[in-house]
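Asks: A single structure is presented below for examination.
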Amino acid sequence: MRTHYADKVDSSLIDQTITLCGWVHRRRDHGGLIFIDLRDREGLVQVVCNPTESTVFKVAESLRNEYVIKVTGKVHKRPEGTVNPHIPSGEVEIAASDITLLNKSKPLPFNIDEYQEVSEEVRLKFRYLDLRRPEVAQRLKMRSYIIREIRRFLDERGFLDIETPMLTKSTPEGARDYLVPSRTHPGQFFALPQSPQIFKEILMVAGFDRYYQIVRCFRDEDLRADRQPEFTQLDLEMSFVEEKDIQQLMETMIRHLFSTFLNVPLPDPFPRITYDEAIKTYGTDRPDLRNPLTLVDVTDLMKSVEFKVFKEPANNPHGRIAVLRLPKGAELSRKAIDDYTQFVGIYGAKGLAYIKVENIDNGTGGLHSPILKFLPENVIAEILKRTQAQSGDILFFGADKAKIVNESLGALRDRLCADLNLYEGQWKPVWVVDFPMFDREDVGDWQALHHPFTALQETDPEKVIANPGDVLSRAYDIVLNGSEIGGGSIRINDIGMQYAVLKVLGISKEMAEAQFGHLLMALQFGSPPLGGIAFGLDRLVAIMTGASSIRDVIAFPKTQTAQCPLTNAPAQVETLQLETLGLKVSKHRK
């Protein structure tokens, strides 16, 4: 029906007759002429309807916003002073010789141009209207282009795109599984995959030494901000590799994507920091390196002070005291400090002690703080030295269990940087390496920090069992501007080590055989050295397009309560469907 998209209409087509199809974005009457902004997937074109073309003009008079039309006409240069430099077609317009009304539209539930005034739930309910916004359409197009380029990049390097099952077996991977009842096997269930982890390892055992997949994953977890129950991963695995092989390949790919789509050069190589460095310096294993603020540890200075708020965590093996220096922060008001105190409380902090450095040359006389009277002068002097405090700074203190201090001061670091716009540079990628293999809350059960198939830097299974807290993994995460966009590891390919890891996690051989015996069996038939990585594609596209949420780069996202306003899913089903599956709905137990 059409000859061109809007973005292809420019001065090279002057005096040519073309046909466009799309929606009436806006209709305007001006001095006897009717102007129509026609919108399609690629942009806008101005159409001019002259009363001398009586049939065309009559149709144009009847048009309303979002009517679907086909326009045929000749491309003309716009009159002087009417050029629109903001769109590709801005130098020209179409003099309509024919307009066909293809379909009408009901009055809109909201004006597409005024989406800011509409709740997200309403926009998602009428998502087909929300998707007509040019900026939303552009993000989805960018997503398509990025995926296409990723496929090309990997195809050229010998990777095979291999699909893995969507209906699989429930395994303990951290979050809850979405379960699918089997009609043909009453009382038994499939699970939707949280990741293709086990299948891609089995593919390596089978000899497919370079695999990738753009794959949907499903996790029935309590939704935090900007999470989705179903999401898309770039998943890949390689055989006969070490960490550096995977990291170098992925760096090359990310640099290529940023250069191709954003014209942004990223560093070569990406910097690397250890997990321990990240936690101690930034309070998180996902540091935003654009943020110049850092945490300074002062736990050792507080072991002998009389101030219990500091002394107790300093002498607790699981405690920590750290300081966050904010340059020129002494001018913060009492209200601002109270707001930040309330903010860190979200992360479990019981308060937010501070020292304002009003004049560094006057010793303690140049300081202002309610806690000064509790600290010896030599301790205060050392704090100022370690933090490199200057006149006009403020020092914020965190004192509690290390986890609370890290999370609260890490979040405060991000908040201060955002509030005061302290960012240095636009793009700061970093590899985080040397993660602990296991983690636990004080004296709780050990859990795998990544997953139980991650290879360890320790090669002796007995040492792993004896001292699990000392063992580092061969895992690596790639973080960009404070967001983890990818994570992976070298995998265990030795059955003895795999059983040792499972034992630390409290999983017996019998339980392991029942849950993922298919992988354990495969490891015994010549498993090569292997490793891989998975990228959160939604997150990567959101970052590259400047979207504020991953929901903005997903065509039909769920809400934060895991619901779809468009389809009203999830929903009840007919009793007969449940009976066919041998299911009965009981009262929900939280």
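Backbone N, Cα and C atoms are what each Cβ position is placed from, and that goes for glycine too.
Okay, these came from Swiss-Prot:
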| type | residues | note |
| --- | --- | --- |
| BINDING | GLU173, ARG219, HIS450, ARG491 | L-aspartate binding site |
| BINDING | ARG219, ASP220, GLU221, GLN228, GLU484, GLY536, LEU537, ASP538, ARG539 | ATP binding site |
| REGION | 197-200 | region 'Aspartate' |
| SITE | HIS30 | site 'Important for tRNA non-discrimination' |
| SITE | GLY81 | site 'Important for tRNA non-discrimination' |
Asks: To the nearest whole angstrom, state the Cα distance for the pair ARG219 (L-aspartate binding site) and GLY81 (site 'Important for tRNA non-discrimination').
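Replies: Counting only the Cα atoms, the answer is 55 Å.
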Asks: What three-state secondary structure does DSSP assign to GLU221 (ATP binding site)?
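Replies: GLU221 (ATP binding site) sits in coil per DSSP, no helix or strand.
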Asks: If the ATP binders are ARG219, ASP220, GLU221, GLN228, GLU484, GLY536, LEU537, ASP538, ARG539 per the record, what's the largest distance between their Cα atoms, in Å?
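Replies: Those residues reach a largest Cα separation of 20 Å.
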Asks: Return one of helix, strand or coil for GLU484 (ATP binding site), based on DSSP.
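Replies: The three-state answer is strand.
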Asks: What is the interatomic distance between the Cα atoms of ARG491 (L-aspartate binding site) and LEU537 (ATP binding site), given in whole Å?
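Replies: Given the Cα positions, ARG491 (L-aspartate binding site) is 22 Å from LEU537 (ATP binding site).
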Asks: Relative to the Cα of GLY81 (site 'Important for tRNA non-discrimination'), which of the recorded positions HIS30, GLU221, HIS450, GLU484, ARG539 has the closest Cα?
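Replies: Nearest by Cα distance to GLY81 (site 'Important for tRNA non-discrimination'): HIS30.
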Asks: Return the residues near GLU221 (ATP binding site) by Cβ distance under 8 Å, restricted to its own chain and a separation of at least 6 in sequence.
Replies: ALA175, ARG176, ARG227, PRO229
Asks: Give the distance between the Cα atoms of HIS450 (L-aspartate binding site) and GLU484 (ATP binding site), rounded to the nearest whole Å.
Replies: 13
Asks: How big is the gap, in Å, between the Cα of HIS30 (site 'Important for tRNA non-discrimination') and that of LEU537 (ATP binding site), rounded to a whole number?
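Replies: The separation of the Cα atoms works out to 46 Å.
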Asks: Which entry in the list of recorded positions, HIS30, ARG219, HIS450, ARG539, has its Cβ near the fewest other Cβ atoms, using 10 Å as the limit?
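Replies: Counting other Cβ atoms within 10 Å of each of the recorded positions HIS30, ARG219, HIS450, ARG539, the minimum falls on HIS30.
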Asks: Take every residue in the region 'Aspartate' (197-200), average their pLDDT values, and give the whole-number result.
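Replies: Taking every residue of the region 'Aspartate' (197-200) together, the mean pLDDT is 95.
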Asks: Taking DSSP as the reference, which of helix, strand or coil describes GLY81 (site 'Important for tRNA non-discrimination')?
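Replies: For GLY81 (site 'Important for tRNA non-discrimination') - judged by DSSP and reduced to three states - the answer is coil.
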Asks: DSSP says what for the region 'Aspartate' (197-200): how many helix, strand, coil residues?
Replies: 4 helix, 0 strand, 0 coil
